[in-house]
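First comes the structure, then the notes that go with it.
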Amino acid sequence: MGAMTTTTHTDSALVRAARRTDVPHTPVWFMRQAGRSLPEYRELRAGIGMLDTIRRPDLVAEITLQPVRRHGVDAAILFSDIVVPVAAAGVDVDIVAGTGPVVAEPIRSAQDVARLRRLEPVDVSYVDEAVRLTTAELGDTPLIGFAGAPFTLASYLVEGGPSRTHAKTKALMYGDPDTWHALCARLAENALTFLRVQIGAGVSAVQLFDSWAGALSEADYREYVLPHSTAVLSALADTGIPRIHFGVGTAELLGAMGEAGADVVGVDWRTPLDVATRRIGPDKAVQGNLDPATLLAPWEVVEAEVRRILEQGRAAPGHIFNLGHGVLPEIDPAVLTRVVELVHTLTTR
């Protein structure tokens, strides 16, 4: 591992918005901007599995750079997956096309948790190299690193794959809270190691994805999840780089998520940004929150929605424009480029 980088892009629109300071324009990037919506991505990845791609720093760097070149977004996000540190720590997991992560031996007991080993930086040395290759090419554009939050990773591990109900996850959570907290504590520790590797290699911000947190009530979130997300985010305070926290279906959890220690709270499309800001509080920036499906509508609909979101985002002390979830594979990349141009045109100071 190399020394901690000093390239933090502190004057970039992304970092300035995250820190709630004046920006030259509202920064914009898209979750899953590097991915199946881009023909150059599909061509590069033809015949190569997801995890195999992620273990090749040259491919990761190129894929991460593709949407920056094409769209002119204000940030790149490292091409990776939330299960990478889980796989690197020895869990037999595969990313199955059309399904998502599939775990060969789900974790259901204290004995299973005891076998989940601690992630070491050397386990993800290819991520370190990928970040360094990418930042060398990005120039003034900041790179966002990311990890999966403990609850979402725990759900994949307990369920064995994606779940609509998270029933097995909740059964463990309610029925054996000691095992649940032990599992989440190890996942938090590994997520922190994974993020510190990325920060050490040169990312300028990080995002903690809690994709499935919206399956919980606020009371359950506070008891079973918030302490572990806080353990990750608060431990990164000493890095000085912005921390973003995002979940889906989290309208009723936004206040609690705002307490976890992030500088920015991501908001999905279900909650207007001015409402979200009131729930989160005045000391956090917000990120979001165009419904990805809107991008399949006629341009006049897209433009009206972008304008609405920018107006509502003015209620927050900082706003990073994004989607409310990831880019859909069927979206025309040209529409994303137009959205970037529109946001910049409407918000340039």
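Numbers here mean position along the shown chain, with the first residue as 1.
In case you wondered, yes, glycine gets a Cβ from its N, Cα and C as well.
The domain 'Uroporphyrinogen decarboxylase (URO-D)' annotation in TrEMBL covers 27-36, 144-160. Residues annotated as substrate binding site in TrEMBL: R32, Q33, A34, G35, R36, D81, Y156, S211, H325. Sequence annotations record features per position, and here TrEMBL assigns site 'Transition state stabilizer' to D81.
For the domain 'Uroporphyrinogen decarboxylase (URO-D)' (27-36), the mean pLDDT of the prediction comes to 97.
Rounded to a whole number, the C-alpha distance linking D81 (site 'Transition state stabilizer') with R32 (substrate binding site) is 10 angstrom. The 10 Å shell around the Cβ of R32 (substrate binding site) contains 18 further Cβ atoms across the protein chains shown.
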